[in-house]
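So the structure is just underneath, and the comments pick up after that.
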Amino acid sequence: MKKKNDALIVIRLFVYTFFCVLILSSCKKSEEPVDYTTIKTEGQMDAELTAPPMVPKPIGKRAAMKLKVNMEIKEQEGTMTDGVKYTYWTFGGSVPGSFIRTRVGDEVEFHLKNHPDNKLPHNIDLHAVTGPGGGATSSLVAPGHEKVFSFKVINPGLYVYHCATAPVGMHIANGMYGLILVEPEGGLPPVDKEYYVMQGDFYTQGEYGAKGLQPFDMNKAIKETPDYVVFNGKVGSMTNGNELTAKVGETVRLFVGNGGPNLVSSFHVIGEIFDNVHVEGGAMMNKNVQTTLIPAGGSAIVDFKVETPGNFILVDHSIFRAFNKGALGILKVEGAENKNIYSGTIQEGIYLPEGGTIQKMPEEKATTTAVPKRTLADKIKIGKEIFGTTCFACHQSEGQGIPGAFPPLAKSDYLNADSKRAIKTILHGLSGEITVNGKKFNSVMPAQNLSDDEIANVMTYIYSNWGNNKTEVTPEMVKAQR
Ligand SMILES: [Cu+2]
């Protein structure tokens with residue numbers, strides 16, 4: 001009897017030890033960091049490169065390999081916003097430059113080509129590179145030449161690359177930046193949609209909206225006073241038919257970068273909360289984030305599930321940049337409403353604390369002082385200034401408005417049909433549903449605290465432009481509607 005018990009105990013002990021050793025050894029295995037500096041590559045392929053807002057296909061489970069990147073630098077004219085041109089310097093023909101997608105352990109063979117039509121030498125500094133200048137010291141390339149260098153990516157994360165040729169600030173300010181992703185072993189968790197968004201600040205000799213080809217302004221760049229702060233190289237890169245899209249129930253991942261050269265970005269999506277944020281593009285995960293800070297020369301990976309349909313607006317929450325300098329994009333989500341998560345307006349009532357729904361700025365200005373006689377050209381010139389400081393924030397620089405929010409003043413049938421009604425709109429404000437060029441708007445325009453002369457000038461400017469009917473509005477006409 002006793003002998004039998006002893007034997008049992010010995011067997012049990014043996015089994016326990018076996019399992020303990022098994023568990024310990026497996027724990028040890030998963031904790032041991034993989035050394036990606038020595039990981040072997042298997043095979044070779046050309047890297048897929050994409051222009052924003054697209055990103056290359058996910059890496060998934062593929063083994064580390066030799067990845068050939070063919071990148072061509074092009075100096076080319078592009079559109080900053082309607083009527084405004086800019087000479088961009090680009091990696092791969094887009095601003096930001098082509099997105100490069102790698103996995104940890106890949107050996108990248110980088111072919112940097114400088115197009116023969118270009119005027120300047122350039123190079124590339126990739127923040128994903130461990131080596132002098134991030135590659136810049138090996139990659140300076142003259143127009144009509146090609147430089148090849150190679151590096152191994154050993155830290156997973158989302159990294160900025162940029163040109164580092166003197167004057168560095170000028171090369172970056174002209175658009176020479178982009179993102180390179182290094183996926184971790186096994187890839188990032190799969191999502192339904194992935195997009196590439198990168199902010200940049202631009203410095204032009206003319207003010208925001210000033211027409212024509214606008215040269216770079218070094219003084220403004222040094223003072224850090226940009227005229228444009230934009231996503232993906234231009235105003236409206238993700239609006240007016242270029243929206244990012246997703247369907248209700250999908251998960252969306254944004255690879256967000258900031259090329260600077262100067263500003264940091266307070267990246268926010270109006271109406272969404274980031275479920276996950278790879279802080280600064282690294283391994284640390286934050287959850288349930290409203291606004292994530294993206295330094296100049298830095299990045300973040302954010303993802304979120306879209307539960308309700310609608311337009312979700314990407315902004316730099318330093319908010320004048322969004323509404324007055326261009327840092328605004330739209331993610332358009334389509335699908336069925338989910339009243340559980342967002343009800344929409346349940347009831348609309350009227351609330352009249354001061355007897356009217358129109359908000360007024362405190363009145364400081366004398367509204368009807370004697371004004372000199374003005375020529376039509378004078379009125380248009382003064383009117384343009386008033387428009388640029390007062391109306392354009394909502395109605396936009398070319399009077400094109402914002403669909404669903406601010407009606408257009410360009411070719412506006414509402415405006416052209418009745419100048420008295422238009423004068424009243426500016427004097428007293430406007431609320432309730434109106435139809436402009438077949439589209440319904442139901443919002444509030446605040447009364448504008450302007451003098452008769454100022455209203456006459458701004459209206460004359462609007463009527464003289466953008467295909468409107470050239471009505472000349474006088475201060476007397478405005479006075480009659482007060
Ligand atoms: Cu350059």
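Each Cβ is built from the backbone N, Cα and C atoms, and glycine gets one as well.
Sequence annotations record features per position, and here TrEMBL assigns Cu cation binding site to His122, His127, His162, Cys163, His171, Met176, His317. In this structure, Cys163 (Cu cation binding site) belongs to neither helix nor strand by DSSP; it is coil. The Cβ of Cys163 (Cu cation binding site) has 27 neighbouring Cβ atoms from other residues within 10 Å, across all protein chains displayed.
The domain 'Cytochrome c' annotation in TrEMBL covers 378-466.
The transmembrane segment annotation in TrEMBL covers 7-25.
Other Cβ atoms within 10 Å of the Cβ of Met176 (Cu cation binding site) number 30 in total over all chains. Across the residues of the domain 'Cytochrome c' (378-466), the predicted structure has a mean pLDDT of 90.
Ranking the binding-site residues His162, His317 by the number of CB atoms within 10 A of their own CB puts His162 at the top. Candidate binding-site residues: His122, His127. Fewest other C-beta atoms within 10 angstroms, His127. Listed in sequence order, Trp89, His122, His162, Cys163, Ala164, Thr165 are the same-chain residues six or more apart from His171 (Cu cation binding site) with CB atoms under 8 A from its CB.
Close contacts with ligand 1, defined as a Cβ under 6 Å from any of its atoms, occur at His122, Cys163, His171, Met176 among the binding-site residues His122, His162, Cys163, His171, Met176.
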